Amino acid sequence: MAPRGRRRPRPHRSEGARRSKNTLERTHSMKDKAGQKCKPIDVFDFPDNSDVSSIGRLGENEKDEETYETFDPPLHSTAIYADEEEFSKHCGLSLSSTPPGKEAKRSSDTSGNEASEIESVKISAKKPGRKLRPISDDSESIEESDTRRKVKSAEKISTQRHEVIRTTASSELSEKPAESVTSKKTGPLSAQPSVEKENLAIESQSKTQKKGKISHDKRKKSRSKAIGSDTSDIVHIWCPEGMKTSDIKELNIVLPEFEKTHLEHQQRIESKVCKAAIATFYVNVKEQFIKMLKESQMLTNLKRKNAKMISDIEKKRQRMIEVQDELLRLEPQLKQLQTKYDELKERKSSLRNAAYFLSNLKQLYQDYSDVQAQEPNVKETYDSSSLPALLFKARTLLGAESHLRNINHQLEKLLDQG
């Protein structure tokens, strides 16, 4: 031990060492600032309360441990290796690139981080609809190593997720135990217990799904049984002849049920007096029911007939209104036709009278000619009854006399002038 009064002499450091230390501190501070600025650089979009923080912690551990490692990132973050051996080789190469003094520490850290990564894979498998965020291209050269490491961790997560899905599908098809699946699908030895937990979780999910299906089938069966029991129960209805299904009422169903309950109750009673009283009560009630049903049926029939008569009356009333409108429209035409009819009737009567007169006149002339032929030497005598005929015959003679008088008067005028 050194005495208290003495101070340890500081080792002399060269300017190159100081500069390298300053540059390292600057790079670390710039990395921290870049990590704070570029928060959306994570490949998967998880909620804040999920286990994605483990992925961030893995990236920070890799920052502290592997400042000099460089990886070539894949074409996209969801790249899958063709074979499990390729994945194990790649993991072996990445592990061999670390310095030998830090391999033990790295393996212990990765075993804890891979468990948290697989838990985050569970969440991402439940939400397959999430999309990847593009990695920003505007980051500086200092941030390139960090982004490559994060892409590498995302690649590991995606490969483990696809391997878990493949192994679960093969286990469902072949129905093999989960131990053989986990032994085939694990690459590094530290990830085996976490993958076994994953398989157990998937098996529990499949069991719960099967239980849900079984309960759904049971519900379907119970529903079908209930429907079958409902269909097996037949409802008896009392309906008289000529009754329609639309006229069925509550009493039509109550009466058969009343008869059924009466029979059941009568079988349980042993006293004759009670049976007689129940029988009389049953008969009276049944008669009342039947009377009410008949009266209700009669009432429905009367209502139906009344409705039919009302509809017929309404139709006839409508037709009467139409006829009245038509009569009002044809009334002037009727008047015109009536006047024409009266005129034609008068003409017909006048023509009939004229024809009768002419026939009588012809008969009279025929009689006169016959008498004159039989007695030609007898002188004709005319009485007062034949005066109109004589005037009619003398009209021509009177006309000739007046004509001669006119001629004589004109000749006298001419002579006087001359």
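Residue 1 is the first one shown; counting continues down the chain.
Keep in mind that glycine also has a Cβ here, set from the backbone N, Cα and C atoms.
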S232, S311, S385 - residue that Swiss-Prot labels as phosphoserine: S232
In Swiss-Prot, the member of S139, S180, S224 to which phosphoserine is assigned: S139
Candidate set T78, T280, T396, residue annotated phosphothreonine in Swiss-Prot: T78
Per Swiss-Prot, the range holding motif 'Nuclear localization signal', considering 87-104, 249-266, 303-320, 339-356: 303-320
Phosphoserine according to Swiss-Prot, picked from S111, S145, S215: S111
